[in-house]
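Engineer: This is the structure I want to talk about, given as C-alpha coordinates.
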Amino acid sequence: MTISSNHTNLRDIWYTMTGIPGLEYAHIWISIPICFMYIVSVLGNTFLLFLIFTERSLHEPMYLFLSMLALADIFLSTVTTPKMLAIFWFQDGGISFGCCVSQMFFLHFIFVAESAILLAMAFDRYVAICHPLRYTTILTPSVIGKMGIASVIRSFFICFPLVFLVYRLAYCGRNIIHHSYCEHMGIARLACDSIKINIYYGVIVALFSTCLDVVLIIVSYALILCTVFRIPSQDARLKTLGTCGSHVCVILLFYTPAFFSFFAHRFGGHHIPLHVHILLANLYVVVPPTLNPIIYGVKTKKVQEKFVHVFSVSNKFC
(Lines of atoms letter the chains of each structure in order from A and count residues from 1; the text may use other names and numbers.)
(Lines give C-alpha, C1' and ligand atoms only; values in the text may rest on other atoms or scores of the structure.)
Protein backbone atom coordinates (compact mmCIF):
# COMPACT_ATOMS: atom_id res chain seq x y z
CA MET A 1 0.00 0.00 0.00
CA THR A 2 1.38 3.42 -0.99
CA ILE A 3 0.83 6.11 1.60
CA SER A 4 1.08 9.77 0.75
CA SER A 5 3.39 11.89 2.78
CA ASN A 6 0.84 14.74 2.62
CA HIS A 7 -0.39 15.47 6.14
CA THR A 8 -3.97 15.91 4.86
CA ASN A 9 -4.05 12.19 4.06
CA LEU A 10 -3.09 10.96 7.51
CA ARG A 11 -6.67 9.79 8.04
CA ASP A 12 -6.14 7.30 5.20
CA ILE A 13 -3.17 5.59 6.88
CA TRP A 14 -3.80 2.14 8.32
CA TYR A 15 -1.24 0.23 10.31
CA THR A 16 -0.91 -3.49 10.91
CA MET A 17 0.27 -4.55 14.36
CA THR A 18 2.02 -7.91 14.34
CA GLY A 19 1.79 -8.77 18.04
CA ILE A 20 5.01 -10.36 19.28
CA PRO A 21 7.43 -10.80 16.34
CA GLY A 22 8.97 -14.26 16.26
CA LEU A 23 6.39 -15.71 18.67
CA GLU A 24 3.35 -15.68 16.36
CA TYR A 25 3.02 -19.45 16.79
CA ALA A 26 2.60 -18.96 20.55
CA HIS A 27 0.11 -16.08 20.43
CA ILE A 28 -2.80 -18.26 21.53
CA TRP A 29 -0.88 -19.61 24.52
CA ILE A 30 0.42 -16.17 25.49
CA SER A 31 -3.10 -14.77 25.29
CA ILE A 32 -4.42 -17.15 28.00
CA PRO A 33 -2.48 -15.68 30.98
CA ILE A 34 -2.90 -12.15 29.59
CA CYS A 35 -6.67 -12.57 29.29
CA PHE A 36 -6.83 -14.08 32.80
CA MET A 37 -4.75 -11.24 34.27
CA TYR A 38 -6.89 -8.63 32.49
CA ILE A 39 -10.10 -10.08 33.96
CA VAL A 40 -8.53 -10.27 37.43
CA SER A 41 -7.25 -6.71 37.04
CA VAL A 42 -10.63 -5.24 36.11
CA LEU A 43 -12.57 -7.24 38.73
CA GLY A 44 -9.98 -6.74 41.49
CA ASN A 45 -9.61 -2.99 41.00
CA THR A 46 -13.37 -2.49 40.55
CA PHE A 47 -14.01 -4.35 43.81
CA LEU A 48 -11.32 -2.27 45.52
CA LEU A 49 -13.04 0.91 44.32
CA PHE A 50 -16.41 -0.40 45.52
CA LEU A 51 -14.92 -1.30 48.90
CA ILE A 52 -13.28 2.10 49.42
CA PHE A 53 -16.30 4.17 48.39
CA THR A 54 -18.90 2.15 50.31
CA GLU A 55 -17.00 1.68 53.59
CA ARG A 56 -16.77 4.94 55.53
CA SER A 57 -13.85 3.66 57.61
CA LEU A 58 -11.78 3.55 54.40
CA HIS A 59 -12.41 7.21 53.62
CA GLU A 60 -8.87 8.06 54.69
CA PRO A 61 -6.11 9.68 52.59
CA MET A 62 -4.20 6.44 52.04
CA TYR A 63 -7.27 4.64 50.68
CA LEU A 64 -8.47 7.60 48.61
CA PHE A 65 -5.09 7.62 46.85
CA LEU A 66 -5.41 3.85 46.47
CA SER A 67 -8.78 4.34 44.75
CA MET A 68 -7.08 6.70 42.25
CA LEU A 69 -4.43 4.04 41.61
CA ALA A 70 -7.10 1.37 41.08
CA LEU A 71 -8.96 3.58 38.58
CA ALA A 72 -5.72 4.29 36.68
CA ASP A 73 -4.93 0.55 36.60
CA ILE A 74 -8.32 -0.24 35.07
CA PHE A 75 -7.76 2.36 32.36
CA LEU A 76 -4.14 1.30 31.72
CA SER A 77 -5.05 -2.33 31.06
CA THR A 78 -8.26 -1.52 29.13
CA VAL A 79 -6.56 0.90 26.73
CA THR A 80 -4.25 -1.85 25.45
CA THR A 81 -5.39 -5.38 26.32
CA PRO A 82 -8.61 -5.80 24.25
CA LYS A 83 -6.78 -4.92 21.01
CA MET A 84 -3.84 -7.09 22.09
CA LEU A 85 -6.17 -10.08 22.52
CA ALA A 86 -7.82 -9.35 19.14
CA ILE A 87 -4.36 -9.63 17.53
CA PHE A 88 -3.56 -12.88 19.38
CA TRP A 89 -6.94 -14.54 18.75
CA PHE A 90 -8.14 -13.22 15.38
CA GLN A 91 -4.96 -11.75 13.79
CA ASP A 92 -6.91 -8.47 13.79
CA GLY A 93 -3.91 -6.12 13.84
CA GLY A 94 -5.38 -3.40 11.64
CA ILE A 95 -5.69 0.06 13.17
CA SER A 96 -6.15 3.52 11.67
CA PHE A 97 -3.63 6.29 12.23
CA GLY A 98 -6.14 8.26 14.32
CA CYS A 99 -6.99 5.31 16.56
CA CYS A 100 -3.31 4.45 16.92
CA VAL A 101 -2.46 8.00 18.02
CA SER A 102 -5.42 7.98 20.43
CA GLN A 103 -4.22 4.74 22.01
CA MET A 104 -0.69 6.18 22.22
CA PHE A 105 -1.94 9.33 23.96
CA PHE A 106 -4.08 7.55 26.54
CA LEU A 107 -1.34 4.98 27.24
CA HIS A 108 1.27 7.65 28.03
CA PHE A 109 -1.29 9.90 29.75
CA ILE A 110 -2.34 7.15 32.17
CA PHE A 111 1.28 6.15 32.81
CA VAL A 112 2.34 9.71 33.75
CA ALA A 113 -0.81 10.18 35.87
CA GLU A 114 -0.19 6.89 37.70
CA SER A 115 3.39 7.95 38.40
CA ALA A 116 2.05 11.15 39.99
CA ILE A 117 -0.40 9.12 42.07
CA LEU A 118 2.44 6.94 43.38
CA LEU A 119 4.30 10.14 44.33
CA ALA A 120 1.21 11.39 46.16
CA MET A 121 1.01 8.06 48.01
CA ALA A 122 4.67 8.45 49.05
CA PHE A 123 3.87 11.93 50.36
CA ASP A 124 0.93 10.42 52.27
CA ARG A 125 3.28 7.92 53.98
CA TYR A 126 5.78 10.71 54.70
CA VAL A 127 3.17 12.88 56.43
CA ALA A 128 1.66 9.89 58.31
CA ILE A 129 5.05 8.81 59.72
CA CYS A 130 7.02 12.05 60.04
CA HIS A 131 4.14 14.38 61.02
CA PRO A 132 1.43 12.09 62.49
CA LEU A 133 -0.23 14.80 64.60
CA ARG A 134 -0.77 16.97 61.52
CA TYR A 135 -1.79 14.13 59.21
CA THR A 136 -5.51 14.88 59.05
CA THR A 137 -5.01 18.65 58.87
CA ILE A 138 -2.49 18.46 56.00
CA LEU A 139 -4.18 15.76 53.90
CA THR A 140 -7.80 16.96 53.98
CA PRO A 141 -10.31 15.66 51.38
CA SER A 142 -9.98 19.00 49.57
CA VAL A 143 -6.18 18.70 49.33
CA ILE A 144 -6.44 15.08 48.17
CA GLY A 145 -8.92 16.08 45.46
CA LYS A 146 -6.64 18.90 44.29
CA MET A 147 -3.67 16.50 44.17
CA GLY A 148 -5.70 14.09 42.04
CA ILE A 149 -6.77 16.87 39.66
CA ALA A 150 -3.19 18.21 39.51
CA SER A 151 -1.87 14.76 38.50
CA VAL A 152 -4.41 14.57 35.65
CA ILE A 153 -3.73 18.12 34.42
CA ARG A 154 0.05 17.62 34.59
CA SER A 155 -0.24 14.38 32.65
CA PHE A 156 -2.41 15.99 29.98
CA PHE A 157 -0.01 18.89 29.36
CA ILE A 158 2.98 16.52 29.27
CA CYS A 159 1.44 13.99 26.88
CA PHE A 160 -0.71 16.14 24.57
CA PRO A 161 2.36 17.47 22.66
CA LEU A 162 3.09 13.87 21.65
CA VAL A 163 0.02 14.02 19.41
CA PHE A 164 1.40 17.05 17.54
CA LEU A 165 4.85 15.50 17.36
CA VAL A 166 3.57 12.43 15.45
CA TYR A 167 1.11 14.43 13.33
CA ARG A 168 3.87 16.79 12.10
CA LEU A 169 5.82 13.88 10.57
CA ALA A 170 5.55 12.71 6.98
CA TYR A 171 4.74 9.03 6.40
CA CYS A 172 5.53 7.30 3.11
CA GLY A 173 4.64 3.64 3.08
CA ARG A 174 5.90 1.81 6.14
CA ASN A 175 2.82 0.58 7.94
CA ILE A 176 3.91 -2.47 9.97
CA ILE A 177 4.11 -1.94 13.74
CA HIS A 178 6.06 -4.73 15.43
CA HIS A 179 4.14 -4.41 18.65
CA SER A 180 0.77 -5.24 20.23
CA TYR A 181 -0.19 -1.62 20.90
CA CYS A 182 0.72 1.88 19.72
CA GLU A 183 3.25 3.98 21.58
CA HIS A 184 5.08 7.20 20.72
CA MET A 185 8.43 5.97 19.42
CA GLY A 186 6.81 3.01 17.66
CA ILE A 187 4.74 5.40 15.52
CA ALA A 188 7.54 7.96 15.05
CA ARG A 189 9.95 5.33 13.70
CA LEU A 190 7.58 4.67 10.78
CA ALA A 191 8.02 8.23 9.52
CA CYS A 192 10.30 9.36 6.68
CA ASP A 193 11.26 12.59 8.48
CA SER A 194 13.86 13.10 11.16
CA ILE A 195 12.51 12.11 14.55
CA LYS A 196 15.18 13.81 16.66
CA ILE A 197 12.61 16.16 18.22
CA ASN A 198 10.45 13.15 19.17
CA ILE A 199 13.43 11.43 20.78
CA TYR A 200 14.52 14.55 22.66
CA TYR A 201 11.00 15.27 23.90
CA GLY A 202 10.58 11.66 25.03
CA VAL A 203 13.82 11.84 27.03
CA ILE A 204 12.90 15.24 28.52
CA VAL A 205 9.46 13.95 29.54
CA ALA A 206 11.04 10.89 31.15
CA LEU A 207 13.58 13.00 33.05
CA PHE A 208 11.31 15.81 34.24
CA SER A 209 8.16 13.82 34.99
CA THR A 210 8.72 10.14 35.74
CA CYS A 211 12.37 10.40 36.86
CA LEU A 212 11.56 13.46 38.96
CA ASP A 213 8.70 11.53 40.57
CA VAL A 214 11.10 8.68 41.39
CA VAL A 215 13.64 11.08 42.92
CA LEU A 216 10.95 12.70 45.10
CA ILE A 217 9.68 9.26 46.15
CA ILE A 218 13.23 8.28 47.15
CA VAL A 219 13.59 11.54 49.12
CA SER A 220 10.26 10.83 50.88
CA TYR A 221 11.39 7.37 51.91
CA ALA A 222 14.82 8.64 53.00
CA LEU A 223 13.07 11.06 55.37
CA ILE A 224 10.74 8.27 56.49
CA LEU A 225 13.71 5.99 57.29
CA CYS A 226 15.42 8.79 59.25
CA THR A 227 12.28 9.15 61.35
CA VAL A 228 11.78 5.40 61.79
CA PHE A 229 15.34 4.76 62.96
CA ARG A 230 14.88 7.35 65.69
CA ILE A 231 12.06 5.25 67.19
CA PRO A 232 13.51 3.45 70.25
CA SER A 233 11.35 0.32 70.08
CA GLN A 234 12.24 -2.25 67.42
CA ASP A 235 8.65 -3.55 67.29
CA ALA A 236 7.38 -0.01 66.71
CA ARG A 237 9.96 0.48 63.94
CA LEU A 238 8.89 -2.71 62.17
CA LYS A 239 5.21 -1.85 62.55
CA THR A 240 5.79 1.62 61.09
CA LEU A 241 7.81 0.26 58.17
CA GLY A 242 5.07 -2.34 57.61
CA THR A 243 2.63 0.43 56.69
CA CYS A 244 4.91 1.26 53.72
CA GLY A 245 5.36 -2.32 52.50
CA SER A 246 2.46 -2.34 50.02
CA HIS A 247 3.44 0.98 48.52
CA VAL A 248 7.08 -0.05 48.05
CA CYS A 249 6.01 -3.28 46.29
CA VAL A 250 3.71 -1.34 43.95
CA ILE A 251 6.45 1.22 43.20
CA LEU A 252 8.93 -1.50 42.23
CA LEU A 253 6.28 -3.28 40.17
CA PHE A 254 5.43 -0.09 38.29
CA TYR A 255 8.80 1.56 37.66
CA THR A 256 11.16 -1.40 37.11
CA PRO A 257 9.64 -2.70 33.84
CA ALA A 258 8.81 0.85 32.72
CA PHE A 259 12.41 2.02 32.92
CA PHE A 260 13.65 -1.21 31.38
CA SER A 261 11.28 -0.72 28.44
CA PHE A 262 12.24 2.95 28.07
CA PHE A 263 16.00 2.41 28.02
CA ALA A 264 15.79 -0.76 25.94
CA HIS A 265 13.70 1.03 23.31
CA ARG A 266 16.13 3.95 23.00
CA PHE A 267 19.57 2.55 23.75
CA GLY A 268 19.46 -1.24 23.75
CA GLY A 269 17.50 -2.08 20.64
CA HIS A 270 20.35 -4.08 19.07
CA HIS A 271 21.25 -6.03 22.21
CA ILE A 272 17.82 -7.18 23.42
CA PRO A 273 15.78 -9.48 21.13
CA LEU A 274 12.67 -7.72 19.84
CA HIS A 275 10.31 -10.46 20.98
CA VAL A 276 11.66 -10.19 24.56
CA HIS A 277 11.14 -6.43 24.57
CA ILE A 278 7.57 -6.69 23.19
CA LEU A 279 6.61 -9.56 25.49
CA LEU A 280 7.76 -7.61 28.56
CA ALA A 281 5.94 -4.51 27.29
CA ASN A 282 2.75 -6.58 26.95
CA LEU A 283 3.08 -7.99 30.46
CA TYR A 284 3.78 -4.51 31.83
CA VAL A 285 0.25 -3.28 31.03
CA VAL A 286 -1.45 -6.24 32.75
CA VAL A 287 0.82 -7.50 35.54
CA PRO A 288 0.98 -4.37 37.77
CA PRO A 289 -2.78 -3.67 37.46
CA THR A 290 -3.43 -7.33 38.35
CA LEU A 291 -1.10 -7.49 41.35
CA ASN A 292 -1.76 -4.04 42.87
CA PRO A 293 -5.17 -4.89 44.41
CA ILE A 294 -3.81 -8.28 45.53
CA ILE A 295 -0.78 -6.65 47.21
CA TYR A 296 -2.96 -4.14 49.05
CA GLY A 297 -5.48 -6.84 49.90
CA VAL A 298 -2.81 -9.10 51.41
CA LYS A 299 -0.70 -6.45 53.15
CA THR A 300 -3.37 -3.98 54.36
CA LYS A 301 -5.31 -5.18 57.40
CA LYS A 302 -8.25 -2.80 56.94
CA VAL A 303 -8.80 -3.92 53.34
CA GLN A 304 -8.66 -7.56 54.47
CA GLU A 305 -11.22 -6.93 57.22
CA LYS A 306 -13.65 -5.12 54.90
CA PHE A 307 -13.20 -7.79 52.23
CA VAL A 308 -14.17 -10.50 54.74
CA HIS A 309 -17.04 -8.35 56.06
CA VAL A 310 -18.53 -7.78 52.58
CA PHE A 311 -18.42 -11.48 51.71
CA SER A 312 -19.84 -12.56 55.08
CA VAL A 313 -22.76 -10.15 54.57
CA SER A 314 -23.34 -11.38 51.01
CA ASN A 315 -23.31 -15.01 52.20
CA LYS A 316 -26.02 -14.24 54.75
CA PHE A 317 -28.29 -12.95 51.99
CA CYS A 318 -27.55 -16.04 49.91
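The backbone N, Cα and C atoms fix where each Cβ goes, glycine too.
Remember, it's a predicted structure, so these values are computed and weren't measured experimentally.
According to TrEMBL, the domain 'G-protein coupled receptors family 1 profile' annotation covers 44-296. If you look up TrEMBL, you'll see 26-51, 63-89, 95-123, 143-167, 199-229, 241-264, 276-298 marked as transmembrane segment.
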Engineer: Ranking 63-89, 199-229, 241-264 by the number of C-beta pairs under 8 Å to the transmembrane segment (95-123), which range is first?
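Structural biologist: When the Cβ pairs under 8 Å are tallied, 63-89 comes out ahead.
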Engineer: Could you pull out which residues elsewhere in the chain have a CB under 8 Å from any CB of the transmembrane segment (241-264), counting only those six or more residues past its ends?
Structural biologist: 69, 111, 114-115, 118, 121-122, 125, 128-129, 206, 210, 214, 217, 221, 224, 228, 272, 277, 280-281, 283-284, 287-288, 291-292, 295-296, 299-300
Engineer: Who are the long-range neighbours of the transmembrane segment (63-89) in its own chain, taking Cβ under 8 Å and residues 6 or more past its ends?
Structural biologist: 17-19, 27-28, 30-31, 34-35, 38, 41-42, 45-46, 48-49, 52-53, 95, 103, 106-107, 110-111, 113-114, 117-118, 120-121, 124, 141, 144, 148, 151, 180-181, 250, 282, 285-286, 288-290, 292-293, 296, 302-303
Engineer: Please work out the mean pLDDT for the residues of the domain 'G-protein coupled receptors family 1 profile' (44-296).
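Structural biologist: That region's mean pLDDT is 90.
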